[in-house]
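I have placed the structure first, in the form of structure tokens, so that the comments after it can refer back to it.
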Amino acid sequence: MLRVLFVGDVYGKPGRRVLASHLPTIRSQFHFVIVNGENAAGGFGLNRESFNIITRAGADCITLGNHAWHHKEVFDLLPDPRLIRPLNLPLGTPGNGFRRFDVIGDTGRSERLTVVNALGRVFMEPSGNPFTALDELLTRPDLGAVFLDFHAEATSEKAAMGQFLAGRAAAVIGTHTHVATADTRILPGGTAFQTDAGFTGPMDSVIGADPSGPVQRFTTELPHRFGVKEGAAELNGVIVHIQDGRAVQIERYHYEEEGL
Ligand SMILES: [Fe+2]
Ligand SMILES: [Fe+2]
């Protein structure tokens, strides 16, 4: 059995801080840790410093999303086997949309885990069809348990992906909306599902941003500068137990900083 922790979008300095302080204290409970790092550097994208902080904290791999290309440094990082960019991008896009890992589980045996990152298309920038991309990926041999981070805006698109992969993937976990949903379940055939894992970043924010910018923008309908909210942060994710390629358990994980 594999115990896998998935941590939702790490956002800016508060997100990096709570991950770096908390993940090491729980890391030994898991065989494998996946962290979405698409907002790690200042709220947009991933740079070398944030890559190093996330991996040193205990992440075995980092997934991305619609902000994947925000920092040029990400192109130097893409050859690293721990970094996974969205799958459904044009042929020739650098990096990998999925990676196979051999993980030592609680039996002491090595078990294959394939981590995939894909982008949704509803209310998002154009990308390839994530459903057909996953269908094609699943024809490949030796994937073992497939764990998808589906980075999408629309609840319906994420729910449809869960149903589409039910019994074919071990987990379909949504990211991007930064708010954890309460629909944690195992779909028929052993697919762990949650519409959104929630994010890892500042509380009392507007999905990570200091409220002043977004509130001004909504009230005046003029553009405003967005900054990362300071102060106490939360960490959100899910824990999935996988046996023989199928999920047998999923639960939400939530931690909040205190005294900041
Ligand atoms: Fe995103
Ligand atoms: Fe995000």
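Quick reminder: no glycine exception, Cβ is built from N, Cα and C everywhere.
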Per TrEMBL, E38, N39, H178 bind Fe cation 1; matching candidate in D9, D142, D210: D9
Listed co-binder of Fe cation 2 (same site as E38, N66, H151, source TrEMBL) among H22, H176, H224: H176
Cβ atoms near E38 (Fe cation 1 binding site) (within 10 Å, other residues, all chains): 29
Largest tally of Cβ atoms lying within 10 Å of a Cβ, found at which of the recorded positions H67, H151, H176, H178: H151
Other same-chain residues whose Cβ falls within 8 Å of the Cβ centroid of E38, N66, H151, H176, the recorded Fe cation 2 site, in sequence order: D9, N36, L64, G65, H67, A68, P86, L119, A152, T175
